Amino acid sequence: AGTMAMVTVNLRAVTSWVGIARLFAVVLSCIAFSLVASTGDFGSSYGTWCMFTWCFCFAVTLLVLVLELLELYPKLPLSWDDFTSAFSMLAALMIFTTSVVFPSTFISSPCSSSKCARQAVATTVSCLCFLAYALEVGLTRAKPGDISSFLSTVPGLLKVFEAYVACLIFSLLDTYDSEVGLQWCVAIYSICFIITLIIIIFTIGRCLTYIPCPLEKMLVGYNALALVMYITATVLWPLYSFRGRNRPDPCGIDCWWDKDLGVTFLTIFNLIAYLVDLIYSTRMVFIREP
């Protein structure tokens with residue numbers, strides 16, 4: 001009885017707007033992977049990725065709801081607000097990617113069988129799940145001037161975006177050993193990914209306070225350096241990837257040309273992300289609101 005008395009139930013964890021968004025995300029992700037599991041058609045690497053995404057987001061979101069409902073999260077040795085903000089952003093990005101990859105890979109036209117209908121419904125549910133996570137990101141995003149949880153600010157959310165896009169780039173890398181320029185680009189992706197991931201982990205683990213230097217100014221300097229590095233990658237990657245090489249015909253699902261084109265666009269996305277990150281972090285550090 002004494003042990004039960006120590007556990008309090010916080011109903012606001014499931015009745016607030018954030019809690020409702022998380023409940024929708026749990027239900028929708030569960031429906032998505034259940035429908036796809038019933039088809040049995042997820043054996044390829046793309047299918048495995050989609051199933052992992054839905055199951056991972058379902059499990060972590062359910063865990064977050066339980067920990068907040070029972071108010072057990074303060075006992076964890078991490079910054080809870082930073083963790084939930086980072087996860088909701090990551091889940092939104094993962095579900096969005098899955099909602100694009102799954103139908104383009106598994107749904108064929110015309111879609112007339114019951115199996116295809118279940119795949120189409122799973123795609124629709126996955127899109128709704130993305131909206132639920134996007135709503136959570138919007139609801140938990142820090143207000144201007146509030147930096148109590150760094151990963152809920154725009155620069156913090158962008159850090160998660162930058163790390164995720166780098167992971168997508170790594171998944172598309174095929175042959176890059178033949179050109180020094182391509183090796184330099186891969187080095188840029190790797191260096192920026194590692195540093196960004198360290199920033200995220202240190203923030204969630206409350207370790208940034210132990211760094212013996214002005215952290216905010218260090219982040220501005222890193223963003224500026226990463227921006228310059230990504231500018232060179234944006235120029236060098238397409239230059240060395242497509243120089244003297246035409247798109248093969250036919251170009252299947254694992255075609256090197258499409259992969260290199262995907263890396264090109266993802267490099268541009270991260271370039272824009274680091275630019276916006278630099279602008280926001282500079283304003284937060286050097287332009288103080290009265």
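For all residues, glycine too, the Cβ spot is worked out from N, Cα and C.
Caution: TrEMBL annotation is automatic and unverified by curators.
Given the structure is predicted, the values throughout are model-derived calculations rather than measurements.
Marked as domain 'MARVEL' by TrEMBL: 13-145 (among others).
Residues annotated as transmembrane segment in TrEMBL: 14-37 (among others). Sequence-distant contacts of the transmembrane segment (14-37), counting only residues of its own chain at least 6 positions beyond either end whose CB sits under 8 Å from a CB of the stretch, comprise 47, 50-51, 54-55, 57-58, 61-62, 64-65, 68-69, 91, 95, 102, 118-119, 121-122, 125-126, 128-129, 132-133, 135-136, 139-140.
What TrEMBL lists as transmembrane segment is 49-67 (among others).
Annotated transmembrane segment per TrEMBL: 87-108 (among others), in sequence order.
Sequence-distant contacts of the transmembrane segment (120-139), counting only residues of its own chain at least 6 positions beyond either end whose CB sits under 8 Å from a CB of the stretch, comprise 17-18, 21-22, 24-25, 28-29, 31-32, 35-36, 54, 57, 85, 88-89, 91-92, 95-96, 98-99, 102-103, 107, 111, 157. The transmembrane segment feature in TrEMBL is assigned to 120-139 (among others).
Residues or ranges marked as domain 'MARVEL' by TrEMBL: 150-286 (among others). The domain 'MARVEL' (150-286) scores a mean pLDDT of 87 in the predicted structure.
Among the features that TrEMBL reports, transmembrane segment is placed at 181-208 (among others). Same-chain residues lying 6+ beyond the ends of the transmembrane segment (181-208) with a Cβ under 8 Å from its Cβ atoms: 77-79, 82-83, 86, 150-151, 156, 159-160, 162-163, 166-167, 169-170, 173, 215, 219, 222, 226, 229-230, 232-233, 236-237, 239-241, 267, 270, 274.
With a cut-off of 8 Å between Cβ atoms, the residues of this chain six or more beyond the transmembrane segment (220-241) that come close are 155, 162, 179, 181-182, 184-185, 188-189, 191-192, 195-196, 199, 260, 263-264, 267-268, 270-271, 274-275, 277-278, 281-282, 285-286. Feature annotation from TrEMBL assigns transmembrane segment to 220-241 (among others).
With a threshold of 8 Å between CB atoms, the same-chain residues lying at least 6 positions outside the transmembrane segment (261-280) that come near it are 153-155, 158-159, 161-162, 165-166, 168-169, 172-173, 185, 189, 192, 220, 223-224, 226-227, 230-231, 233-234, 237-238, 241. Per TrEMBL, transmembrane segment is recorded for 261-280 (among others).
DSSP assignment over the domain 'MARVEL' (150-286) gives 109 helix, 0 strand, 28 coil.
The helix, strand and coil residue counts that DSSP assigns across the domain 'MARVEL' (13-145) are 108 helix, 0 strand, 25 coil.
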